[in-house]
Amino acid sequence: MSSSRVAEIEVVVADGGSRKGKEDEEERRRKKQRQQQKGGAEPEPDPVVDVYSAAAYGDLERLRGFVEREGGAASLASPDGNGYHALQWAALNNYPHVALYIIEHGGDVNAQDHAQQTALHWAAVRGATAVADVLLENGARLEAGDVNGYRAVHVAAQYGQTTLLHHIVSKYGADFDALDNEGRSSLHWAAYKGNADTIRLLLFMDANQVRQDKNGCTPLHWAVIRGNLEVCTLLVHAGTKQELKLKDSGGFTPLQLAADKGHRHLTNILSNSTKASFGDKYCLGQLGKAGYAPILFSYLVILMILFLNSIVFAPDFSRITAAVGLWSWVAISLALVSQVVFYRLSRKNPGYIKANTKGLDPKEPLMAIDLSSPTWTGSWSQLCPTCKIIRPVRSKHCPTCKHCVEQFDHHCPWISNCVGKRNKWDFLVFLCMGITTTLLGAAVGFQRLWTEPIILSSSESWTHFMVTKHPGAVLFMFMDIFLLTGALILAGAQATQIARNLTTNEAANQSRYSYLRGPDGRFRNPYNQGCRRNCAYFLVNGYSNDEEAAWPTLQQTLQLS
Ligand SMILES: [Zn+2]
Ligand SMILES: [Zn+2]
């Protein structure tokens, strides 16, 4: 069987499953919308006509009326025309007081609809945590499976209800590694649906990443089939590399599947990870971490030699003047100091966050969070599934350094280090020194070439003359200006971002971070205090101000609770 056919079949299987769930959801939503429209300003008939609609609208007074005065008590224990129970409606729309009333007046907390879903399943669809509490405290079966074997944890993972998932796991001990009828765990489903935050939570809790379903697919296989880059990256970075080698029933590893589906970027990531795991095995890991720093170092050394050899002491140039000579030595001294700064920069801690630095237990902290706190905004992106820490808002995990970095800016391969809170200042200083040095070098070089007396034959151009007569000097000018351009672009970008109090990572991936969005969903940087204050803070402290978030972070929530 060709690999593409295998992939197609898998997609059909998976879509079948998901479509069913989606249709159920759509049906519910349509029904609710219809009910809401009925309840609109138009003189439409009253939407609350029976026990079920009263439950769906959370209208406890009317519900009580139906049950206690109009003999509707029997309806609480039996389904409506579509086979759904009043308790399910109350659960879907998160009305805990209504749910409690229904349970206390004869509603079965474990009643199932035609798909064998219970009220808890419906609560999981919408992430209705409060109602889930009422259900579970009144005897709802946490691990009840529906017709597909989906438990509440599966449904929560399918719909990306991370908070509810965390709640039922931490408070009631739900089994997040449980399997449905096809052998899929909640991690499979979160990977397939592309719910990155849910995946972060599951990986943080050490969910099994190498479990293969009945088709032999791991969660990574599913993520690859959907071509979701963020999810694949998460799974690969937090993984043990073992899942990269596992084959599905068609005999394909995730890498082969990605290549087969034509996800080129994904193929690169997976093939690099496979290579990296090979490299780690044969001690080539150090080589990978060294990045391009040795290349940049050699480049700078060559540049200095060329400068001395072909510009300052070149025998074929006229004698150097005292002023130009002095400037040349300034340039050389600056270049030497730059090399020292370069070395220090590449070795300096950019702001690695280690587990327990904030006095948190790396395993347990999440379990202590009070999620019912109304101020909590649920920034699950603060979980690092690899380091197993809850990190400050603006940090990010660097897969090359294998650490989370505070105020992560970017991993710079040219210095073989991350640029973060603790070395951003040094990075800017290094760039400015680079610009000054190369600018001086270029000025001296230009002066030497320009003042050189030239005798051109009629057919020869000035450029041709210089290239043949002073090849070293021309090469120096070329390499120097190339470096100058690069440094100028980088320094310009850094300066702009410092003025905006934004990191390179935030600028590039702003859509991924919920803290960079305002209530209207558009970009809004809560750390930006205006150009002047941003720059002043950076110049005084050496890093950007990150104290001004308008909401409590996951860590603050933890310390409060
Ligand atoms: Zn990390
Ligand atoms: Zn790094």
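The backbone N, Cα and C atoms fix where each Cβ goes, and this holds for glycine too.
Unlike curated entries, TrEMBL annotations are predicted automatically.
According to TrEMBL, the features are:
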type     : residues : note
REGION   : 1-48     : region 'Disordered'
REPEAT   : 82-114   : repeat 'ANK'
REPEAT   : 115-147  : repeat 'ANK'
REPEAT   : 148-181  : repeat 'ANK'
REPEAT   : 182-214  : repeat 'ANK'
REPEAT   : 215-247  : repeat 'ANK'
TRANSMEM : 291-314  : transmembrane segment
TRANSMEM : 326-345  : transmembrane segment
DOMAIN   : 382-510  : domain 'Palmitoyltransferase DHHC'
TRANSMEM : 427-450  : transmembrane segment
TRANSMEM : 470-491  : transmembrane segment
Work out, from DSSP, the number of helix, strand and coil residues along the repeat 'ANK' (115-147).
17 helix, 0 strand, 16 coil
Determine which residues of the chain contact the repeat 'ANK' (182-214) at the Cβ level, with the cut-off under 8 Å and only residues 6 or more beyond its ends counted.
13-14, 17-18, 148-149, 153-154, 156-162, 165-166, 169, 176, 220, 222-223, 225-226, 228, 230-231, 234-235, 238-240, 242-243, 246, 248, 366, 378, 380-381, 383-385, 388
Counting Cβ pairs under 8 Å to the transmembrane segment (291-314), which of 326-345, 427-450, 470-491 comes out on top?
470-491
Residues of the repeat 'ANK' (215-247) by DSSP state, where helix covers H, G and I:
21 helix, 0 strand, 12 coil
